Every structure is written in C-alpha cells, then in structure tokens.
Amino acid sequence: MSQSKKTVALIIMDGWGHREDTTNNAIAHAKTPVLDRLTKETTNTLISASGMDVGLPGGQMGNSEVGHVNLGAGRVVYQDFTRVTKAIEDGDFFENEVLVSNVDKAIKQDKAVHIMGLLSPGGVHSHQDHIFAMIKLAAKRGAKKIFLHAFLDGRDTPPRSAKAPLEAADKVFEELGVGKTATLVGRYYAMDRDSRWDRVEKAYKVIAKGEGAFNVACAIEGLENSYSRDENDEFMQPTVIGDAAPIEDGDALVFMNFRADRAREISRPFVEKDFSDFEKGEHIDLSAFVMLTQYAESIDAPAAYPPVALVNVMGEWLANHGKTQLRISETEKFAHVTFFYSGGKEDLYEGEERILIPSPKVATYDLQPEMNSTELTDKLVEAIESGKFDAIICNYPNGDMVGHTGNFDAAVKACEAVDTCIGRVVEAIKKVGGDCLITADHGNAEKMADETTGQAHTAHTSELVPFWHVGQKTTARSGGTLSDVAPTMLHLMGMEQPAEMTGKPIVTLVK
C-alpha cells in the first residue's frame with residue numbers, strides 16, 4: 001500500500017476581503033469563530049489581490065479569473081483587460097489581423113457588423129472602452145451597418161448604473177454617423193455559466209432574431225421601463241430598440257467580452273450548427289464569429305487576442321515532479337480551480353483529479369447562501385483523509401456569489417457557512433499532519449452597500465485579502481500578493497520553484 005501523503009491544501013474563500021470598517025461589512029458581522037481563532041493562533045497576514053499586483057491597471061479591483069490565474073502561475077500575469085487596453089492606446093487594436101480581416105469580409109458583401117458584449121466600466125468581464133473601440137474600428141473599415149447588442153451589468157457596477165454607458169454608446173454612434181444600439185439584455189440572461197439554457201435562449205433570441213419581451217424607441221427609454229418594472233440592470237428583460245436588426249447570413253459578429261467563463265454559453269448557438277440545448281431555429285451562416293479572447297478550445301472561432309502560453313504553472317510543475325493533485329469546487333467556481341488555475345489549460349495533468357459539486361439550482365444565491373458548501377466539505381475532508389493527494393486546490397464560492405446579490409443578511413449567512421466548513425477542513429489537515437493555506441482571490445462580501453449612493457454594493461473590491469497558514473511552524477512576511485501563493489505551497493512541500501515563478505514564499509519554515 002502506498003504511503004499516505006502529507007497534503008498541502010489551498011482553500012480559496014471567494015470574495016473574502018479584509019476591511020477595517022465594519023459598516024455594511026458582512027464578514028465583520030458574521031460569526032466566524034474558526035477564522036477568529038486562526039488569526040490568534042496561526043501564522044497570518046494580508047496580501048494584495050488587485051491592480052498592478054495581479055496584472056490589472058492600477059486601482060482596478062481584482063476578480064476570480066485574474067485571481068486564480070495569478071494563484072496558479074506564481075508570477076504576475078499580464079491580464080487580457082490590460083493587454084487590450086494597451087493595444088487600443090497604441091493603435092495596434094485597429095490593425096489587429098483577426099478583427100480587421102473578419103470585419104472586412106462582411107463589409108465587402110455589404111453585410112452588417114454586429115458587436116455584442118457587457119457594456120460596462122466594470123473591467124471584470126469587459127470594458128465599455130473596448131466596445132467603443134470596436135465600433136470605431138468597424139466604421140473606420142467602412143461598415144455601413146453596425147449594430148450593438150448591449151448586455152447590462154449591475155453586478156460588477158452599481159445595480160442601476162447603465163444609463164451613462166448607454167448614453168456614451170449613443171454618443172459614439174452619433175459622432176461616427178453610423179450604427180446604433182440594437183438590443184438590450186441583462187447579463188443574468190446573456191452571461192449565464194451554469195447551463196441555465198432557458199435564460200441563454202432569451203438572450204440569443206433577442207440578439208439573433210430581434211425577438212424580445214419589449215420594443216422601445218431608444219435605449220434610455222428601455223432602461224427606464226426596466227426600472228419601472230423593478231428590474232435592475234443585471235435582470236433587464238430582452239428589449240429591442242427601434243426597428244429590429246436581426247443577424248443575417250453573411251453578417252459578422254464580434255464578441256467583446258475578454259473573460260471566458262461567462263462568454264462560453266452564449267457563443268455556442270452562434271458557432272455550432274448542431275447546437276441542441278435549446279431550439280434556436282435556423283442556423284445563421286455568419287461570415288465570421290470573432291471572440292475577443294479565447295473562451296474555450298472547443299469553440300471553433302478565431303480569437304483576436306489568443307492566450308499567451310504560461311509555462312510551469314503550479315499544476316504543470318507538480319505533474320512534472322510526479323505529484324498528485326485535486327481540484328475541487330462547486331459549479332460556479334469549478335472553471336476557476338481548473339481552467340484558470342492551470343493558466344488557461346483545459347486538460348487534466350498527469351496525477352490530477354477533479355471533483356465538481358453542482359451548485360444549487362436557485363434563481364439567486366441569497367435564497368441559499370450556504371450553497372452546497374456542506375457537500376463540498378464532505379468530499380474535501382474525504383480527499384484529505386484518503387492520503388492520495390500531495391496538493392489540493394479548493395474554492396468556496398459563497399462570499400462572492402452571495403455578495404453579488406447585494407443581500408447583506410444572506411452574505412452574513414454565507415460567511416458563517418464557510419467558517420464552519422473551514423473548521424472541518426483544518427481539523428482534517430491537522431489529523432494527517434498536512435498544511436493548509438487559506439486565502440481569497442479578491443474582496444466582495446466585506447462591502448455590501450455604497451455609503452455615498454445608498455445602493456447595494458454588488459461589485460468586487462480592491463481590498464487586501466487575508467492569508468492564514470495552518471501546519472508546520474512558520475513566520476510570515478508582509479507585502480505578499482496572489483502570485484506568491486504557489487511559491488509558498490512549493491516551499492511547504494520542500495520543492496524548488498521553477499525559474500518562471502517570480503513570486504516569493506509568504507511564509508518561511510522555522511527550523
């Protein structure tokens with residue numbers, strides 16, 4: 001029988017930032033006896049998870065994709081957001097071969113260029129400036145028909161904040177003298193990632209067919225009507241603006257979201273002829289479907305900014321040294337502990353196993369703030385006790401998923417549920433003589449309302465995140481970032497870190 005392994009577990013509490021001010025702070029208000037005890041008894045510090053420390057523009061809040069890429073890479077990774085923004089500033093964006101050649105194909109046939117994406121200054125899944133640059137590129141290439149299909153945010157931005165981006169889009173069209181916003185739909189429908197195809201179908205039908213729940217004269221009227229129905233930006237029902245502009249054979253469609261996880265589902269019915277998750281009707285024979293970045297290897301479409309290969313990320317380094325690893329989370333964050341943590345690689349490494357716990361099927365997670373954390377912990381504890389794994393990467397989605405709802409009381413419950421689970425995990429790790437690192441990918445639940453506007457604060461924050469180490473005797477340094485976490489794990493495992501990992505261990509073993 002093989003010897004049991006002394007597991008090193010990385011527990012990522014999604015959306016769990018540190019904020020001294022307890023006002024509207026669900027984490028501070030939650031009863032968290034386990035983490036309170038760990039703060040008193042174990043090595044702990046605060047680390048950075050936002051801005052330039054994770055490869056984002058200075059001051060930009062962190063997010064789950066960026067967080068997990070940095071956690072797994074062991075180096076600061078230049079993010080797609082920054083990459084595209086820089087290309088626009090340099091002018092390279094307007095010469096991008098994939099964008100230019102595919103837009104030109106439609107223009108030569110006197111066909112329309114459709115642009116879809118999250119029209120938001122949020123910077124998590126997209127940025128409105130990227131969308132405006134794409135509209136300008138299409139106009140510059142000579143497109144006479146440019147249609148914007150705007151997804152509304154209200155999740156990474158205040159719940160009712162779409163007016164300014166919509167007005168800015170109208171201004172761009174006015175200045176160019178061509179194009180218009182054709183449809184509006186909340187991201188709840190257009191950006192699902194949990195196979196809720198009934199939602200995606202509604203978004204697809206309004207974008208592709210011009211079939212919405214409502215028809216209005218202009219975007220602002222549509223938005224005001226949505227608010228009068230008590231629908232915040234995120235939940236706005238599919239709305240057609242003016243004369244419908246359905247997508248036709250020969251048209252080009254450019255998807256301007258740069259983050260992959262919530263872009264995959266809505267892409268598929270446009271790309272796959274034999275798509276069958278809902279009845280989409282006649283397949284549209286597009287001249288091109290272009291992804292801003294690669295959403296998945298399985299989506300057969302060109303990417304304007306394909307992934308930059310990351311060599312010797314944590315998963316690869318472990319596999320190359322004959323180590324075993326487990327990735328485990330609920331559906332909502334499964335892509336993060338697998339695809340993103342592996343630096344954009346879908347496939348399993350040698351010695352890697354994965355456990356997916358389905359997230360609860362509820363409309364919004366404030367209805368079940370504990371989500372399926374108990375089942376997740378059952379499987380996680382079982383894996384630790386099995387002695388099979390050298391390394392375990394686990395994500396608890398609660399702080400982020402419930403934080404995004406803006407429901408303070410539910411967020412408190414979510415944090416309490418996670419604390420209880422952490423208690424079980426720590427006990428299991430202690431039993432097997434392993435090490436446990438507990439941290440977060442970004443903040444969220446520590447700020448649930450905006451003091452200035454009085455609105456719910458549903459977005460991430462730029463706060464530092466906590467970092468605890470349970471296990472061998474260590475001391476911690478200050479000034480760490482997410483990219484220092486993989487080197488910390490390797491240090492605790494007694495392994496060298498690859499040259500590509502430029503991060504430094506946050507804790508040092510005390511001899």
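Using N, Cα and C of the backbone, Cβ positions are placed for all residues, glycine too.
According to DSSP, Asp441 (Mn(2+) 2 binding site) is assigned to coil rather than to any helix or strand. Residues annotated as Mn(2+) 2 binding site in Swiss-Prot, with sequence analysis given as evidence: Asp14, Ser64, Asp441, His442.
Annotation comment: Swiss-Prot describes Ser64 as active site, phosphoserine intermediate, evidence class sequence analysis. A simple way to gauge crowding: the CB of Ser64 (Mn(2+) 2 binding site) has 27 other CB atoms within 10 angstroms, across all the protein chains here.
Annotation source Swiss-Prot lists substrate binding site at His125, Arg155, Asp156, Arg187, Arg193, Arg259, Ala260, Asp261, Arg262, Lys333, citing sequence analysis. Listed in sequence order, the residues of the same chain lying 6 or more apart from Arg262 (substrate binding site) and placing their CB within less than 8 Å of its CB are His125, Arg187, Met191, Asp192, Arg193.
Counting every protein chain shown, the Cβ of His404 (Mn(2+) 1 binding site) has 24 other Cβ atoms within 10 Å. If you look up Swiss-Prot, you'll see Asp400, His404, His460 marked as Mn(2+) 1 binding site.
Comparing Asp156 (substrate binding site) with Ser64 (Mn(2+) 2 binding site), their Cα atoms are 12 Å apart once rounded. In the structure as shown, the Cβ atom of Asp14 (Mn(2+) 2 binding site) sits within 10 Å of 27 other Cβ atoms.
Comparing Cβ neighbour counts within 10 Å across the binding-site residues Arg193, Asp400, Asp441, His460, the minimum falls on Arg193. For Asp400 (Mn(2+) 1 binding site), the nearest neighbour among the binding-site residues Asp14, Ser64, Ala260, judged by Cα separation, is Asp14. Take the binding-site residues His125, His442: by the count of other Cβ atoms within 10 Å of each Cβ, the lowest one is His125.
Sequence-distant contacts of Ala260 (substrate binding site), defined by Cβ-Cβ distance under 8 angstroms and a gap of at least six in the same chain, are Glu65, Thr293, Gln294, Tyr295, Ala296, Ala335, Phe339. Excluding the listed site residues Asp14, Ser64, Asp441, His442, the same chain places Ile12, Gly15, Ala49, Gly62, Asn63, Gly67, His68, Lys333, His336, Asn395, Asp400, Ala440, Asn444, His460 with Cβ atoms within 8 Å of the centre of the Mn(2+) 2 site Cβ atoms.
Taken over all pairs of the listed substrate-binding residues (His125, Arg155, Asp156, Arg187, Arg193, Arg259, Ala260, Asp261, Arg262, Lys333), the Cα spread reaches a maximum of 18 Å, rounded to the nearest whole number.
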